[in-house]
Amino acid sequence: MQGVKRRIVYVSAYEVIGMIISSVGLAILAGDSVEHTGPLSVMITTIAVTWNFIYNILYEKWEARQSSNVRTVKRRVGHAIGFQLTLVLFLIPLIAWWMDISLIAAFWLDVAFIIIIPIYTFIFNWSFDKLFGLPISAQAKALQE
């Protein structure tokens, strides 16, 4: 599977599975029901996807003004940390309000997901590539190595 179809299947599967994991994870961590945490997971996903889109536009505008446009490891780490830290500013108040908990408790719930989501992303990406094959861009590089 390649191109736009691959991207649509990837994003759809990633987000749906991610919402299920988030709903169940929040329910377990907060001692609540999935019926209560499910809508929160949908809101979190919607905010994360929207903010990711906006954040990347802003980041690329900043990046274009830099003397070097090379995406070094340092720059990539800064990008990832910047995204997570700013996303937390949106999510902690939402989690606290929805779950009727303190901002500190909401922070700790969010920290759990900051740890879990990269692991999920790694496993999902690996599984997706095994199931659907590598995209053409990665196939050419894999053959050269």
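Glycine is treated like the rest: Cβ placed from N, Cα and C.
Record features (TrEMBL):
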type	residues	note
DOMAIN	3-65	domain 'Chlorhexidine efflux transporter'
TRANSMEM	7-28	transmembrane segment
TRANSMEM	40-59	transmembrane segment
DOMAIN	71-133	domain 'Chlorhexidine efflux transporter'
TRANSMEM	80-99	transmembrane segment
TRANSMEM	105-128	transmembrane segment
Same-chain residue ranges lying at least 6 outside the transmembrane segment (7-28) that approach it to Cβ under 8 Å
1, 34, 36-38, 40-42, 44-45, 49, 99, 109, 112-113, 116-117, 120-121, 124, 128, 132
Restricting to the same chain and to residues at least six past its boundaries, which positions have a Cβ under 8 Å from a Cβ of the transmembrane segment (105-128)?
10, 13-14, 17-18, 21-22, 25-26, 29-30, 84, 88, 91-93, 95-96, 99
Just to be sure I understand, if DSSP states are collapsed into helix, strand and coil, how many residues of the domain 'Chlorhexidine efflux transporter' (3-65) fall in each?
59 helix, 0 strand, 4 coil
In the domain 'Chlorhexidine efflux transporter' (71-133), how many residues does DSSP assign to helix, to strand and to coil?
57 helix, 0 strand, 6 coil
Segment confidence, the domain 'Chlorhexidine efflux transporter' (71-133), expressed as mean pLDDT
91
